[in-house]
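Listed in TrEMBL for this protein:
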DOMAIN    1-172  domain 'Alpha-carbonic anhydrase'
TRANSMEM  168-197  transmembrane segment
TRANSMEM  204-221  transmembrane segment
TRANSMEM  227-244  transmembrane segment
TRANSMEM  265-282  transmembrane segment
TRANSMEM  302-323  transmembrane segment
TRANSMEM  330-351  transmembrane segment
TRANSMEM  357-374  transmembrane segment
Amino acid sequence: MIINRGHDIKLQWEGDAGCINIDGTEFKLQQCHWHTPSEHKVDGKCFAMEAHMVHQSADGRMAVVAIPFKIGTPNPFLDGLIRQVETIDDKGLKLGMVNPQQLGVNDEPFYRYIGSLTVPPCTEGIVWTVLYQARTVSVEQMMALRYVVHDGFEANARPVQGLHKRPVYLAMYLPVSFNQAVGATTPFFTALFAYLITQKREAWVTYGCLVPVVAGVVIASGGEPSFHLYGFIMCIGATAARAFKSVLQGILLSNEGEKLNSMNLLLYMSPIAVLVLLPATLVMEPNVIDATITLAVTHRYLVLLILINSTMAYGANLLNFLVTKHTSALTLQVLGNAKGAVAVVISILLFRNPVTFIGIAGYAMTVMGVVAYGESKRRSK
């Protein structure tokens with residue numbers, strides 16, 4: 001049913017129209033309405049329009065999925081509704097079956113925070129999910145949804161409010177916990193590259209201990225409710241690149257002819273890293289400079305935090321080089337998995353990512369593989 005509420009157009013579903021699962025709680029879709037302009041800003045940018053898909057749980061809690069729209073090609077979903085909006089009133093008009101999946105909400109990146117409704121009584125405790133990718137809407141479609149309500153205002157959107165210290169989380173493709181589990185395969189890739197490049201072989205028992213490390217990640221992939229293929233491929237690529245880098249570092253630090261120590265290697269690598277990262281950052285985040293300057297003005301400790309973070313990064317890289325020089329690239333990556341296991345637990349506790357029993361079993365297998373590897377290396381000495 002579609003209803004003109006006097007301040008917006010509401011599309012209301014009757015019966016089971018679908019649901020979303022947030023932290024183990026099921027929220028069923030109730031209705032969708034539109035605001036012009038958007039009620040959320042991303043990096044200070046406001047969008048032309050915003051749709052709110054309102055969901056409710058069995059115990060009365062609410063969750064809203066916000067979909068930003070920018071001016072562009074006509075939206076296919078709105079095409080069918082626009083023909084109806086000029087004839088409806090507060091009593092509504094039954095449309096028959098309307099598939100909410102036609103709104104185009106998929107498994108995609110999003111922002112999430114706990115806030116309030118944007119209309120009176122502005123109830124607190126609402127789980128907001130703001131989609132990262134904006135859809136397109138034509139000017140004609142936007143104007144039709146806006147001016148048909150006849151409320152006498154140019155906009156029907158609540159002005160953007162302050163964060164009031166609310167944490168806002170960005171979920172791009174994979175949760176941190178799953179990313180750390182995939183990263184646990186780094187020892188496998190390190191052993192592979194070490195053999196291909198240096199012909200260095202470990203004991204078969206050591207290689208066998210890497211099997212549960214890989215198998216655990218495969219199991220976690222199948223049991224991960226937030227699995228995303230593109231994110232998984234990128235994560236595997238980053239893991240392999242990290243392993244390859246560790247092997248090359250080990251070669252440079254162990255080659256007597258190069259006369260490189262850990263500090264010199266870091267000195268040579270840092271300028272090259274800047275030359276690669278700076279252009280990539282400007283291309284992928286074109287507003288990063290303005291955003292950083294704005295944050296530096298409004299956040300008194302931002303510059304200090306950046307300096308602290310840079311110092312810690314320097315220390316971490318230097319220690320990585322020292323461990324690689326005095327042990328091996330493979331040992332370095334196995335030690336890194338201990339950090340990964342801690343990060344998994346912290347991610348689950350902090351971000352409340354949904355994790356299934358299968359996912360937990362996979363993570364546990366990966367950790368056990370790391371422990372077994374350490375024991376096999378100790379016995380082989």
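Including glycine, each Cβ sits where the backbone N, Cα and C put it.
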Reported mean pLDDT - the domain 'Alpha-carbonic anhydrase' (1-172): 84
Same-chain residue ranges lying at least 6 outside the transmembrane segment (227-244) that approach it to Cβ under 8 Å: 107, 172-174, 178-179, 182-183, 185-190, 192-193, 221, 329, 333
Distal contacts, the transmembrane segment (265-282) - CB-CB under 8 A, six or more residues away: 249, 252-253, 288-289, 314, 317-318, 321
